[in-house]
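> Following this message is one structure expressed as structure tokens.
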Amino acid sequence: MFGEYSIGDLGAIFAMQGFAGLILFSVYVLMALGLAIIFGQMGVINMAHGEFMILGAYVTWMTSNFFQSYLPSLFAGYFFIAMILAFIASGALGMLVEWGLIRHLYKRPLDTLLATWGLSLILQQAYRSIFGAREVGVELPQWMLGSKQVTDTIEIPINGMFVMALTVLITAAVSYVLFWSRWGRQVRAVVQNRVMAGAVGINTEKIDRYTFGLGCGIAGIAGSAFTMIGSTGPTSGQLYIVDTFLVVVFGGAASLFGTIASAFSISQAQSTMEFFMSGSMAKVLTLLAIVAILMVRPQGLFALKVRK
Amino acid sequence: MESPRFLSRTDLLGLAVLAVLLVVILPLSLDVFRLNLVAKYLTYAFVAIGLVLCWGFGGILSLGQGVFFGLGGYCMAMYLKLEASSVENTKIQSTPGIPDFMDWNQITQIPWFWQPFHSLTITVIAILVVPAVFAFLIGAAMFKRRVGGVYFAIITQAIAAIMTILIIGQQGYTGGINGITDLRTLKGWDIRPDHAKVVLYFVEVAFLFGAILLALFVRHSKLGRILVAMREKEDRVRFSGYSVANFKIFAFCLAAMFAAVGGAMFTLNVGFMSPSFVGIVPSIEMVIYTAVGGRLSIFGAIYGTLLVNFAKTSLSESFPQLWLFGLGALFIAVVLIFPNGLAGIWRDYVQPLFDKLISKRKPGSDPTGGKSFGPVADGAPAE
């Protein structure tokens, strides 16, 4: 299958596909970061995570419409405001869901899967009723369009670079919050030993609520970033949820670094193979490889060593 | 100790009630179209019984039952399709004698994995063996390495996703997104007219009772007790010297075979098979049928399947928007409020009422009020 390409061609193909893979990587990382916090830290399976992402996308879409009609002079910067709004909207909904649903189910992880699946159906239908069944696209500001020519054969779109810069920023922020801030220490304390953490004066219920909210809020940002590269419909979230869970599990559920590494390898494998065969076969092979590796190494690539 | 016989008085009563409902009441009160609809629902009941065994008793939540349902269904559909694609039936094609979708996809020969399905005997064996082998491979790879719970659920879900993408992508071999359609005869017997639908309904009900009896047998055997013990305290069972992995694999394979029989009956009753019954969404819906009926009750699972599907059909006919809200609310309500589903409501609220009435009429006849026959370890999984 490589026969008909010269070495130079192959280099360019890998570079181009590699870059396309990097955009997919960014979406995976942004979605998986939120999921890794919720699943890895709290042990909750949030099947509605995709719908939180789509909420962020719809918020971005509404913001862009608002700016277009009322503040056209500021349109170039709407995206930054949209992202903050997306974070707040998804995070607030997440905290509401934690209060109404998740906190009753902490001891039954498999049941959180069913309950949040029900929630995702409700959210999907709500989006359909409010925004219509058709997919909507966001208009990008002028400075995000176009691309940068690197060499004769390699061309990098600006919105792709923006998404990646955003991913780096968010990842750095999340790891700072979780590993260095006072609040992050409390989160990790609650995860390791809930009773003891409560005994030393940490309000575990509050920590749970904010952790879940943070995870959902990051999903909202992922949705916001998602609008730059694709259109949004009521069921778009469902397309990504299985992939994202595999990313988290493959990386090792409690390890943020593992999540990033697995998102990278999965997105690169998928996008490189897509050039040589149909997209569906590339997807099948990627998923099969992940499942096979997980069977050999069920704890994922980067598992924390813990006693059970 | 409970006596070794596997049919208790409550089980016999349950069988009798279900038999009256499925064999007498429904066929007499419904027209053929509605009866065929019930037949379609009952194919999911096979899956639900399997899920009671592996999820309710064994604690293994599989989100890939659609895969096994699909394997059974596709095996049956391949046989029926080959029979429907005789040279006379397909003489307008560029290559007569092959299924129509292969002709559209420029495939001129029947592929090797279709060849065995010329024979009905091999097809019937394949319906049982293919899903069981597949389930064994997954189960052995996972349970031997002590992967369970959430991780197992996610991986089975991924397998359901892989299966759908594969079926849709390989259009020439599988019929793609449309599935295998236009099925006509089974060994020359036309499956499409009304009287055939009625016959198939009764055949299916007979198989269903076979499945129920087998499940009850497993439930009351030592195996069933070990499954429940494993769900509650896996390590203790392991330390007692049992091979936890092997018991789990067995339960998972059995559930897969039940699902496959359901799938094969689905193809016969509905007349086609498509990837929309294989993927993640149908697989999770099958879990909710079991959950609504009660994950610990074999009979409950059947009633749950019938009820949810009746609700779905009637609600989505008149209020298509409300249905998804209703289904979503059902998921949440079952998990939050009724973890044991309909069967739990029956056992906790209705049966005590009956017992009270009976004991009033015959004071002191049975101090346990019939409770000694109730399931022994059927507490809620982890409250």
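Placement of Cβ uses the backbone N, Cα and C atoms for every residue, glycine included.
Taken from TrEMBL, the feature region 'Disordered' applies to B:362-383. Summarising the annotation, TrEMBL assigns transmembrane segment to B:12-30, B:42-64, B:120-143, B:150-169, B:198-218, B:239-266, B:286-310, B:322-346.
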> Restricting to the same chain and to residues at least six past its boundaries, which positions have a Cβ under 8 Å from a Cβ of the transmembrane segment (B:239-266)?
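Sequence-remote neighbours of the transmembrane segment (B:239-266) are 39-40, 42-47, 49-51, 53-55, 57-58, 60, 62, 65, 68-76, 127-128, 130-132, 134-136, 138-140, 143-144, 146, 148, 200, 203-204, 207, 211, 215, 218, 223, 226-227, 230, 273, 277, 286.
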> Using Cβ atoms and a strict cutoff of less than 8 Å, what residues sit near the transmembrane segment (B:198-218) while being 6 or more residues removed from its termini?
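Distant contacts of the transmembrane segment (B:198-218): 6-7, 11, 15, 18-19, 22-23, 27, 32, 35-36, 38-39, 42-43, 45-46, 49, 52-53, 191, 224, 254, 258, 261, 265, 268-269, 298-299, 302.
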> Can you say which of B:12-30, B:42-64, B:120-143, B:286-310 has the most Cβ pairs under 8 Å with the transmembrane segment (B:150-169)?
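Highest pair count goes to B:42-64.
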